[in-house]
Ligand SMILES: NC(=O)C1=CN([C@@H]2O[C@H](COP(=O)(O)OP(=O)(O)OC[C@H]3O[C@@H](n4cnc5c(N)ncnc54)[C@H](OP(=O)(O)O)[C@@H]3O)[C@@H](O)[C@H]2O)C=CC1
Ligand SMILES: O=C(O)C1=N[C@H](C(=O)O)C[C@H](O)C1
């Protein structure tokens, strides 16, 4: 039995992760920790799952890694600087591994994969992500990662920026740019998590859309990460590395 701790255990995703760990025959939920609870109860865990908040996730990871506890992290807000910091902590604690994934939904991972595959065939691409209004960060971690993947594919194919003749605009009208890809964030009551990658070429549009219908959808990916993180090597970013894509 792998001993698992959950951080953010009373949150929207954390509740579902606790249920899934509890229901798994090969996993034991040894600690369910939320805001203001002492981290010490996580000390008996072999793997800690974090679905908290971008402002606190780095401190949580540091605490776990310094104690040799593997981490599976869904919390967003990671940029290159933060990832380098995590790599440094892992290097100082050999044998300890972390999996950080902007989206643990299998269909979301496929959506990102298909967007990367399609990117080289289209001169234009933009991303629209749509989320519930309680989300702290914009654009979403998934949209940021998708933009990076699409930009990588465009660079490899020798494509430049998407055509855009805009010379005057209201602030924000064209969204944020991530790696030269425009990303638009909608926050709306009734939504959970959704994304469209819109690719345009001569006389054709391809739209790749993903919809999250409930938060239990993240748990098969999280459990896969929990089961596999011990066999990874240092830091792994993205669930796609654990899938046979
Ligand atoms: N990678 C993925 O597949 C997914 C990632 N996410 C990301 O996961 C994160 C959490 O999302 P969600 O569950 O919707 O958010 P919630 O706000 O519902 O849950 C976060 C929980 O963490 C608690 N918390 C805050 N600070 C701490 C702390 N220092 N230690 C322990 N717990 C703490 C919060 O308490 P309080 O409310 O009192 O502040 C809350 O209960 C976000 O960054 C989100 O973007 C979400 C869905 C899927
Ligand atoms: O906050 C959320 O809800 C979600 N966050 C992740 C993100 O920022 O990409 C994953 C999913 O979109 C849900």
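Keep in mind that glycine also has a Cβ here, set from the backbone N, Cα and C atoms.
What TrEMBL says about a protein is an automatic prediction, not a curated fact.
For the domain 'Dihydrodipicolinate reductase N-terminal' (3-104), the DSSP-based tally of helix, strand and coil residues reads 40 helix, 23 strand, 39 coil. Taken from TrEMBL, the feature domain 'Dihydrodipicolinate reductase N-terminal' applies to 3-104.
Under the heading NAD(+) binding site, TrEMBL lists 8, 9, 10, 11, 12, 13, 34, 74, 75, 76, 101, 102, 103, 104. In the shown protein chains, 13 other C-beta atoms lie within 10 A of the C-beta of residue 10 (NAD(+) binding site).
Around residue 35 (NADP(+) binding site), the C-beta neighbours below 8 angstroms that are at least 6 residues distant in the chain are 10, 52. What TrEMBL records for 35 is NADP(+) binding site.
The domain 'Dihydrodipicolinate reductase C-terminal' annotation in TrEMBL covers 108-243.
Residues or ranges marked as (S)-2,3,4,5-tetrahydrodipicolinate binding site by TrEMBL: 132, 141, 142. When Cβ atoms from all protein chains are considered, those within 10 Å of residue 142 ((S)-2,3,4,5-tetrahydrodipicolinate binding site) total 25, not counting its own.
Residues or ranges marked as active site, proton donor in TrEMBL: 135. Under the DSSP three-state reduction, residue 135 (active site, proton donor) is assigned to coil, being neither helix nor strand.
Cα of residue 142 ((S)-2,3,4,5-tetrahydrodipicolinate binding site) to Cα of residue 103 (NAD(+) binding site): a span of 6 Å. Measuring Cα to Cα from residue 75 (NAD(+) binding site), the recorded positions that fall within 10 Å are 141, out of 132, 135, 141. The closest partner of residue 135 (active site, proton donor) among the binding-site residues, by CA position, is 141; the full candidate set was 8, 34, 141.
For residue 12 (NAD(+) binding site), the same-chain residues 6+ apart in sequence whose C-beta sits under 8 angstroms from its C-beta are 134, 215. In this structure, the binding-site residues under consideration are 8, 34, 75, 101, and the one with the smallest number of other Cβ atoms within 10 Å of its Cβ is 34. For residue 141 ((S)-2,3,4,5-tetrahydrodipicolinate binding site), the Cβ neighbour count at a 10 Å cut-off comes to 19, with all displayed protein chains included.
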